[in-house]
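The active site annotation in TrEMBL covers Ser211, His238, Asp331. Residues or ranges marked as domain 'Response regulatory' in TrEMBL: 49-167. Per TrEMBL, domain 'CheB-type methylesterase' is recorded for 199-389. Positions annotated as 4-aspartylphosphate by TrEMBL: Asp100.
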Amino acid sequence: MGRSITQGGPVRQDLVDVARRRLGSQAPALAILPGSRTGYGQGMGKKVSVLVVDDSLICRQLICEALSKDPDIEVVGTCADGKQAVEMTRELRPHVITMDVDMPVMDGLTATEHIMAECPTPILVLTADPRSQAPELTYRALELGALALQIKPAIDAGPDAWNLVREIRLLSSVRVIRHLRRPQRGPLLPPRVATSVLPAVSMGVVVVAASTGGPQVLFKMLSELPADFPAPIVIVQHINAAFAESLAGWLAGASKLKVRLAQDGEPLMPGHVLIAPPGQHTVIPFRGRVGLKPGVERDGHMPSGTMLLESAARTYGRRAVGLVLTGMGADGADGLLAIKQAGGLAVAQNEESCVVFGMPGAAVERKAVDHLIHGDEVAATLVRLARGESLAVGR
């Protein structure tokens, strides 16, 4: 199986230096490290165990080096192709996997599909540059069950390293579901039998806040909405800034609607979907226009879902429809409450279908939710509302 490339604990700096200097090193591509949960060490305790998958020796070493910055994270194995990744996941049962996409023998997409079918594990897809390949290649991994995207750490790249550490810690507490196979896209789901009914609304704008697991829900929602959907949609999706443009492109490719990153002052138009760009807040300062607002983070985020939803509540009042989807933290909860208090419709994703129930759960705790719906029913719900039908969805 090859010798371990570490001696337990932090990554050995001498081997990191060798890897940097010698891309063609004879160091083993596959390693099970002391401390894994397979009996090779003394056990993980409360540490987060990580399997690193990348065909580049340098990338594997840099990822390991970045993760060594957190003493509560331990790399329990590394490998260089997807086939080894599937085998080592069965054996090691890591808490989180970092996955490259383009690899020999078995690529990261196929490996993700196998892992999510056999032993579901939080998978973080790492890429060197989101602009270097078609967005559908990277985002296909999300369709297959991967949870998030992140930039590979470079040599001495502090921010990327800490972003990676933060993402690993977040994903280690996320539950994942088994993906037996990718479902075929079908017609819109019929409404459930109602346990409560809200009156029809006159829809002026749909505003959405989402985080971990959100891209998958948005993909399904936008792929199912008709081209003549009569209201504009504005979305805040928490994502690494480097992926914002490719996210918009991926969603645009799946939708009959026009999807793009929002620009300051542009009109809100039916059939158009605006994605909040990174580094500033996206708000609706007055009806029919979107605005980009510099500022500071709110609840740890910029753009902030709550700021978007609050602005929609002020501007559209009863004609605002707010959606808070799966995600870590509480962003969007106060904004959804503002929409409800303004007489608009406040909807959140139910716990059953969430990757992380944090954001919808926070909205529930604030009594900000009119209805909880399954993530697969978002498009069907919006279509019924757009037709002026009463919302009849079981809680």
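Placement of Cβ uses the backbone N, Cα and C atoms for every residue, glycine included.
Worth saying up front: this structure is predicted, and the values here are computed from it rather than measured.
Of all the recorded positions listed here (Asp100, Ser211, Asp331), Ser211 has the Cα closest to the Cα of His238 (active site).
Using a 10 Å radius centred on the Cβ of Asp100 (4-aspartylphosphate) and all shown protein chains, the other Cβ atoms total 25. Note: the CA-CA distance between Ser211 (active site) and Asp331 (active site) rounds to 9 Å. If you take the Cα of Asp100 (4-aspartylphosphate) and the Cα of Asp331 (active site), they are about 29 angstrom apart, rounded to a whole number. Residue counts for the domain 'Response regulatory' (49-167) by DSSP state, with H, G and I taken as helix and E and B as strand, are 55 helix, 25 strand, 39 coil. Taking every protein chain shown into account, Ser211, His238, Asp331 are the active-site residues, and of these the Cβ with the most other Cβ atoms within 10 Å belongs to Asp331.
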